[in-house]
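Trainee: First the structure, which I've put down as structure tokens, then a few questions once you've had a look.
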Amino acid sequence: MALGTTLRASLLLLGLLTEGLAQLAIPASVPRGFWALPENLTVVEGASVELRCGVSTPGSAVQWAKDGLLLGPDPRIPGFPRYRLEGDPARGEFHLHIEACDLSDDAEYECQVGRSEMGPELVSPRVILSILVPPKLLLLTPEAGTMVTWVAGQEYVVNCVSGDAKPAPDITILLSGQTISDISANVNEGSQQKLFTVEATARVTPRSSDNRQLLVCEASSPALEAPIKASFTVNVLFPPGPPVIEWPGLDEGHVRAGQSLELPCVARGGNPLATLQWLKNGQPVSTAWGTEHTQAVARSVLVMTVRPEDHGAQLSCEAHNSVSAGTQEHGITLQVTFPPSAIIILGSASQTENKNVTLSCVSKSSRPRVLLRWWLGWRQLLPMEETVMDGLHGGHISMSNLTFLARREDNGLTLTCEAFSEAFTKETFKKSLILNVKYPAQKLWIEGPPEGQKLRAGTRVRLVCLAIGGNPEPSLMWYKDSRTVTESRLPQESRRVHLGSVEKSGSTFSRELVLVTGPSDNQAKFTCKAGQLSASTQLAVQFPPTNVTILANASALRPGDALNLTCVSVSSNPPVNLSWDKEGERLEGVAAPPRRAPFKGSAAARSVLLQVSSRDHGQRVTCRAHSAELRETVSSFYRLNVLYRPEFLGEQVLVVTAVEQGEALLPVSVSANPAPEAFNWTFRGYRLSPAGGPRHRILSSGALHLWNVTRADDGLYQLHCQNSEGTAEARLRLDVHYAPTIRALQDPTEVNVGGSVDIVCTVDANPILPGMFNWERLGEDEEDQSLDDMEKISRGPTGRLRIHHAKLAQAGAYQCIVDNGVAPPARRLLRLVVRFAPQVEHPTPLTKVAAAGDSTSSATLHCRARGVPNIVFTWTKNGVPLDLQDPRYTEHTYHQGGVHSSLLTIANVSAAQDYALFTCTATNALGSDQTNIQLVSISRPDPPSGLKVVSLTPHSVGLEWKPGFDGGLPQRFCIRYEALGTPGFHYVDVVPPQATTFTLTGLQPSTRYRVWLLASNALGDSGLADKGTQLPITTPGLHQPSGEPEDQLPTEPPSGPSGLPLLPVLFALGGLLLLSNASCVGGVLWQRRLRRLAEGISEKTEAGSEEDRVRNEYEESQWTGERDTQSSTVSTTEAEPYYRSLRDFSPQLPPTQEEVSYSRGFTGEDEDMAFPGHLYDEVERTYPPSGAWGPLYDEVQMGPWDLHWPEDTYQDPRGIYDQVAGDLDTLEPDSLPFELRGHLV
């Protein structure tokens, strides 16, 4: 309320101030010259406002002033984008319109009229535009939107601060919807002039009813349509209500022992909800409870089974929470009713007839007390005395004493003591005994075999003792010759005697004695007794000897000693006959006269004399006692112990086989008594340690165990055995098998072509088997691996592969494989070198190499040949040996297996000195061969050859040809063709320029064509291919199948018919053909010009020079096909020339190169190569049909030393040709040097 009063007073003061200023500035009547005047206005920030100004003189200049600042007569009012003049100036309307007002617009305004012809200057009264700024936010402490925890009854301070506003807002604080009266507010200046902030402070004391309610701070202002609010939720902590125990039933605390009691305890209210626990006599018994937040209830249920000792126990439930001042409690005292836990009868219910029986009955503690009564059968007996005493747990104990006379007819009746009470009407408590009245038996007898009957030992006999009457039941005791019969506790005799228990049938009692008869039962007396009564019977038992014993006159025997053995049969019924045998062989003995023995039987004896040997050791001498009447024999044996020195048995192993790196066991089969004291092994004169070693151990049986056996362990082992009687010796052989190892292999093995040779492989192996040698030939083709034409020979440790009439195809790598059954097999590679005379590559009768003869270029001549052994190359020029000491000549020689190359590099080629015929001669020990190479000038190319059709469609034809000599410069190809019946030729350049296949497109179906081919380079055109012979072609019709051979190599995809209109396509193709023809014709004309220029230059040289003659002759030469097919280098049957240019040549082999300057020859360094690889793959392919030399280099396998060129000694051979004139990219004739624009010779 105080805050509202303060705010209203501030607003009233502001209103009075504004009203006074208005009254001061604006008179009561409208001044002259104005028909409308501005008024004081109040608007909310962000709204639009209009100050009216109507002038009676429309032509006057009008402007507004803001706090004395002139805004200018411009209606757009520059510098104030939100200001503008509204209205019709012609009517004198100059209203000031302000958009989106803000605090800067809060000022005094006046409308001013300038002097004019129509009237004097005028000024309107000043008016005030008041801008109301609403508060944007409220800052609440504690923070708005949170949950604030307070304790009920305590005072707390809440602060609420408004944001900037004009005028100062009115702040109200509410809790649970009720306005808080204890509040104070302070109005402070805002962040800008004319703005205010209000800070309100309230003191709040929450109640439990405020829990989960909102505390709201509201700020109201004339600038707000509705108050703004900020709030937080109050979490009020308060203690719970007292706990209440909900007792089931009306009698609180009364309960019966054994009852399952469930007591709920409920505490309502509280924040947090109450924590409950149960106590019994002050001790916690349950701390589990549950809560129901929707009903604000805490509940705990105590579950217990009531026992008698719980009588008088105090059960209480306690409730409290974190803000409780103390613990609230509700308690109940238990009153427990419980019956006696047991009834006990003291005294014995067994008595002799006609004597008194005295008993006492006592009940355990009960609440309330119980009464006792006695029953005998269905007859109630009266007690002599009854007593009541205090018991446990507040209960009582009852006791009753009884005395009565025992009679025989009452025997077996039930005597019962019963306890009862009105509190336990549904239960009966009693204790019962069986009355036992004692009296004696009347008769006793035995049932069993009749006396005098002969029973064989082992027979099962059943004796039954019977008696009539008697209580207690007669025990019926059995006796044997005055000794009590009992079952033996020894396991071996557990089945001999079985004594049954006393059994009753009516008034008759019986007890069974079952026994298996033995010698001790013979003539024995068996008696049964029951009290003073007894009965007896006697058995007659026949039995074999109870024991047969052998007595000896000596214990230690040696071969040749005499031994006397006596056999004694202790007792038998009837008497027995004795006999001797040794391991089944019957012996004669001497019998002694019979005599009396135990168990009323008879004894017998018989002796035998033996002479022993070592073979008798361990043998058994058996004495047999036989009863003819019983048909049974009892035997006993004596084992002979003969002392003798060690003797090796016949099954002793003499040879033991083992595998290297495996184990071996040298067994011992020896016989000795006593056992050998030591086993001593020796090997090659050295004794093996009995304690064992790194690779051997002597077993307890004397056997020798070896492991990690090596071939050095092979040999004879000697064993010495010794005991106290003497020594013995044996020899065993250990045969160690080991994997084969190739010891000798002649690598390489050399043979001349057509000769014979043996490839010898010698091994070290054990065992040596006849078929353990195998041979393999290493090659890529199965045909290369066949050994059918070779002979395999094996003799002992040496295997041979014999080759007859050696051929070049048999040269290469072979592998000797030896397998004697012990892994791993041995393998080793070797090389077969087939020596043959050199064979130089003869691609054509004459090879041309072009180079510029201006003494600035270099040329390289390549000569390649095959041959074994290594080849030495020599060069001649025009038949004269070439002087390689001349620095202008450099030769590089390369060797790779049987392929050899010589590169002759001529520096500063001179037309006068070097345009000549060079001859390369390859020589080895078996012969020589040579070839010629012509060094010529750079010239126009030779005509291509072999133009043929490889594919044909209605609109295209695939062509293929072989290029001619390019003249030492890059050459290109041009195709000329014409359609029969159509005038004019068509020219097509082949793309890419150096391709040798091309697809000619744009043809018409079912049309005959003629095709020509020519080549050109920077110096001119060649003649037409195949001496100008035309190639006739007829395209198939659209419905005819197209011919496309399997080996077609098209370079451009055929452009067949498509969905485009045919006429535009034909026009486009025609335009392309015209352009192509123009280019070809232009090229021909230009080449002719160059040729005329070259001919002019050549006229100044010697017309009859030898070089020019040779060149011209060679250019016109053709391959005649007269050479032998084995030396031909082409793969087809057509006779075509072969040319080699410097641009085409690049060594395909990077072999170990050697620069031959003075000495040449085979160094033999390659003999240590680890793997021969395809040593003579290229040699094996010397004679295939029409075989070319090209694949020769592709198939050569390089060794690891051949993968790079030595950088320190040799340059990359491909760099030799870097300066060849043919490598110049000068395709334009004008850019060609003058001396290269024609033939110099």
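Using N, Cα and C of the backbone, Cβ positions are placed for all residues, glycine too.
Positions annotated as disulfide bond by Swiss-Prot, on the basis of sequence analysis: CYS53-CYS111, CYS160-CYS217, CYS265-CYS317, CYS361-CYS417, CYS465-CYS528, CYS567-CYS623, CYS761-CYS816, CYS863-CYS920. Marked as domain 'Ig-like C2-type 1' by Swiss-Prot: 27-130. Per Swiss-Prot, domain 'Ig-like C2-type 6' is recorded for 544-635. Taken from Swiss-Prot, the feature domain 'Ig-like C2-type 8' covers 838-939. What Swiss-Prot lists as phosphoserine is SER432, SER1098, SER1105. The phosphotyrosine feature in Swiss-Prot is assigned to TYR1193. What Swiss-Prot records for 1025-1057, 1099-1137 is region 'Disordered'. Residues or ranges marked as signal peptide in Swiss-Prot: 1-22.
Give me the local environment of each listed feature.
Mentor: A simple way to gauge crowding: the CB of CYS111 (disulfide bond) has 26 other CB atoms within 10 angstroms, across all the protein chains here.
Summarising the environment of CYS160 (disulfide bond), the number of other Cβ atoms within 10 Å of its Cβ, over all protein chains shown, is 25.
In three-state terms derived from DSSP, CYS265 (disulfide bond) belongs to an extended strand segment.
DSSP assigns CYS361 (disulfide bond) to a strand in the three-state reduction. In sequence order, ILE343, ILE344, ILE345, LEU346, LEU372, TRP374, MET399, SER400, LEU402, CYS417, LYS431 make up the list of same-chain residues 6 or more apart from CYS361 (disulfide bond) whose Cβ falls under 8 Å from its Cβ.
Within 10 Å of the Cβ of CYS465 (disulfide bond) there are 28 other Cβ atoms, across all protein chains.
Just so you know, the Cβ of CYS623 (disulfide bond) picks up 26 other Cβ atoms within 10 Å once every protein chain is counted.
Around CYS816 (disulfide bond), the C-beta neighbours below 8 angstroms that are at least 6 residues distant in the chain are ILE742, LEU745, ILE759, CYS761, PHE773, ASN774, TRP775, GLY799, LEU801, ALA826, ARG827, ARG828, LEU830. Classification of CYS816 (disulfide bond) by DSSP places it within a strand.
Secondary structure at CYS863 (disulfide bond), as computed by DSSP, is strand.
Regional average pLDDT for the domain 'Ig-like C2-type 6' (544-635) in the model is 89.
Under 8 Å, Cβ to Cβ, and six or more positions away along its own chain, SER432 (phosphoserine) finds THR414, LEU415, THR416, CYS417.
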Trainee: Give me the count of other Cβ atoms within 10 A of the Cβ belonging to CYS317 (disulfide bond).
Mentor: 26
Trainee: Identify, in sequence order, the residues in the chain of CYS265 (disulfide bond) that are 6 or more apart from it along the sequence and have a CB within less than 8 Å of its CB; answer 'none' if there are none.
Mentor: PRO243, VAL244, ILE245, GLU246, LEU276, TRP278, ARG299, SER300, VAL301, LEU302, CYS317, ALA319, HIS330
Trainee: Going by a 10 angstroms cut-off between Cβ atoms, which of the disulfide-bonded residues CYS53, CYS217, CYS761, CYS920 has the sparsest surroundings?
Mentor: CYS920
Trainee: Tell me the Cβ neighbour count for CYS863 (disulfide bond), meaning other Cβ atoms within 10 Å of its Cβ, over all protein chains shown.
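Mentor: Neighbour count, Cβ to Cβ under the 10 Å cut-off: 26.
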Trainee: In whole Å, how far does the CA atom of CYS863 (disulfide bond) lie from that of CYS111 (disulfide bond)?
Mentor: 117
Trainee: Can you tell me how far the Cα of CYS567 (disulfide bond) sits from the Cα of CYS217 (disulfide bond), in Å?
Mentor: 130
Trainee: To the nearest whole angstrom, state the Cα distance for the pair CYS920 (disulfide bond) and CYS528 (disulfide bond).
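Mentor: The Cα atom of CYS920 (disulfide bond) is 141 Å away from the Cα atom of CYS528 (disulfide bond).
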Trainee: Relative to the Cβ position of CYS528 (disulfide bond), how many further Cβ atoms are located within 10 Å?
Mentor: 25
Trainee: Take the Cβ of CYS417 (disulfide bond) and count every other Cβ within 10 Å, whichever protein chain it belongs to.
Mentor: 25
Trainee: In the domain 'Ig-like C2-type 8' (838-939), how many residues does DSSP call helix, how many strand, and how many coil?
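Mentor: Summed over the domain 'Ig-like C2-type 8' (838-939), the classes give 4 helix, 61 strand, 37 coil.
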Trainee: Are any of CYS53, CYS111, CYS528, CYS623 (the disulfide-bonded residues) within 10 Å of CYS160 (disulfide bond) when you go C-alpha to C-alpha, and if so which?
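Mentor: If one measures from the Cα of CYS160 (disulfide bond), no disulfide-bonded residues come within 10 Å, so the answer is none.
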